[in-house]
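Feature annotations, reproduced from TrEMBL:
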type     : residues : note
SIGNAL   : 1-32     : signal peptide
TRANSMEM : 93-113   : transmembrane segment
TRANSMEM : 125-149  : transmembrane segment
TRANSMEM : 155-183  : transmembrane segment
TRANSMEM : 246-269  : transmembrane segment
TRANSMEM : 289-306  : transmembrane segment
TRANSMEM : 327-347  : transmembrane segment
TRANSMEM : 367-384  : transmembrane segment
TRANSMEM : 391-408  : transmembrane segment
TRANSMEM : 437-455  : transmembrane segment
Amino acid sequence: MERSAAYGFSAVMRGAFLLSCLLFAAVNRVQRGPYMDEAFHVPQAQAYCQGRFLQWDPMITTLPGLYLVSVGIVKPVAWLCGWTGSVVCSTGMLRFINLLFSAGNLYLLYLLLSKIHQKNKAVSGFQRILSTLTLAMFPTLYFFTFLYYTDPGSVFFTLFAYLMCLYGNHKTSVLLGFCGFMFRQTNIVWTVFCAGNIVAEKLNEAWKTELQKKKDEKISSRKGSFSDWMRILQFLIKYLTSPKNLVTLTALTWPYIILVAGFCVFVFINGGIVVGDRSSHEACLHFPQLFYFLSFTVFFSFPHLVTPSKIKKFLLSLRKHPVQYSLITAISLFLIWKFTYVHKYLLADNRHYTFYVWRKVFQRHELVKYLLVPVYIFSCWSFADTLKSKPIFWILMYFVCLLAVTVPQKLLEFRYFILPFLIYRLNIPFPSLYRQLLELAFYIAVNAITLYVFLNKTFQWPNSDEIQRFMW
């Protein structure tokens, strides 16, 4: 890191942490007690603080990573500072853990951007810092900095594992991936993603060699047509059925294989991926979740994905490949028809923004979910178009992980989209400075609105005296 960039990043990190502390104080001033899922997380962490490690709330569906880390930080700090009584492991103290994770995420995002785009000499230190700040302010993640939820810690350990993987420290990556798994079980998918980075690198090397032998075109120009995809599929089958190649890949990815094998043992013994309340978190083939994620990504990345040039390029693609797009449209309509699920939480809890998205958009008319197919197709095309600079097998590996982490979820919950969005956003080419500034301004505005609404626009349910607040 150059000296000027180091000073600039240090200033940004200090400023962001100070701002977060001020907002943290405002949130804790108006919402002192546990809110929403904190009603489960806070008492569980407090039980661990008191040494009652066998106590478990059956309504909690994630593993105890958040509570173990919280106790590991809070108890030594309380001992050093001489704190006793209710202040130790209070709601505010536990929430502060996520403020620390948020600062760690800011630093990790900078390191990841620097590593992933290290060969791009055209990107200035200022642009890297700006993109880092933008991603750290990503609204769905930033909001939960101020509450005691698993998201900031889950993102921290997963990004840390990804960074170690990129630097070739695979044993460390697996250890951090296990920590991420302890925060949220679905993070095992991103352990597979890290292993997939190694496999994709080997596949890309072999594919380039294959093309050179046949004196074919470069790999970067062979993306898109049906015949190209068939050739890639044939190559994959040939490569992955070779015992020699399998031994090589196993030798490279054995730490990840051990963790994934341990996960399979956990699922077998536990009787499923969910601990606690399984009735409300049943897995299903909810294919429209992929469409929701793509729309979510387009919304939060509109400066990069919805531009006049992209729209024009998409329309030209429609004219050039009408048969392919007709087939995609038919498949999309079928998936929406047969695989749309509506979770009871989505319809019942009017404190979440997803409740209003579903009611104001999807429940207006039965045909709305089908009429949105052109939006989904454009979102998918634009999403894939921004990744075209990545090697083909990296793209395939990422999409497999994206499907694995979104499709089985029955509940439409924006928090589930945080990690796939961040990994996508880290890997797309750097946009122009204007678009970066527009994206940052948009995130700041969304954060300001959501925090203002949370703090000031309260309401009450008819049969309850508790104050309710709107949130992601």
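Note: Cβ is positioned from N, Cα and C throughout, glycine not excepted.
Curation does not apply to TrEMBL; its annotations are automatic.
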Long-range environment of the transmembrane segment (125-149) - Cβ separation under 8 angstroms, sequence gap at least 6: 1-2, 4-5, 8-9, 12, 16, 20, 23-24, 27-28, 34-38, 41-42, 45, 66, 91, 94-95, 97-99, 101-102, 105-106, 109-110, 113-114, 117, 155, 300, 414-415, 417-418, 421-422, 425-426, 430, 433, 436-437, 439-440, 443-444, 446-447, 450-451, 454, 471-472
Residues of the parent chain within Cβ reach of the transmembrane segment (327-347), under 8 Å, 6 or more residues beyond its termini: 280, 284-288, 291, 354-355, 358, 369-370, 373-374, 376-377, 410-412
Recorded stretch that, among 155-183, 246-269, 367-384, 391-408, 437-455, has the most CB pairs under 8 Å to the transmembrane segment (289-306): 367-384
Positions on the same chain near the transmembrane segment (246-269), where near means CB under 8 A and six or more residues out: 170-171, 173-174, 177-178, 181, 185, 188, 191-192, 194-195, 198-199, 202, 240
Intrachain residues whose Cβ lies under 8 Å of the transmembrane segment (93-113), provided they are six or more past its termini: 9, 13, 16-17, 20-21, 24, 27-28, 41-42, 45-46, 66, 69-70, 73-74, 87, 128-129, 131-133, 135-136, 141-142, 144-149, 151-153, 155-156, 159-160, 162-163, 166, 422, 426
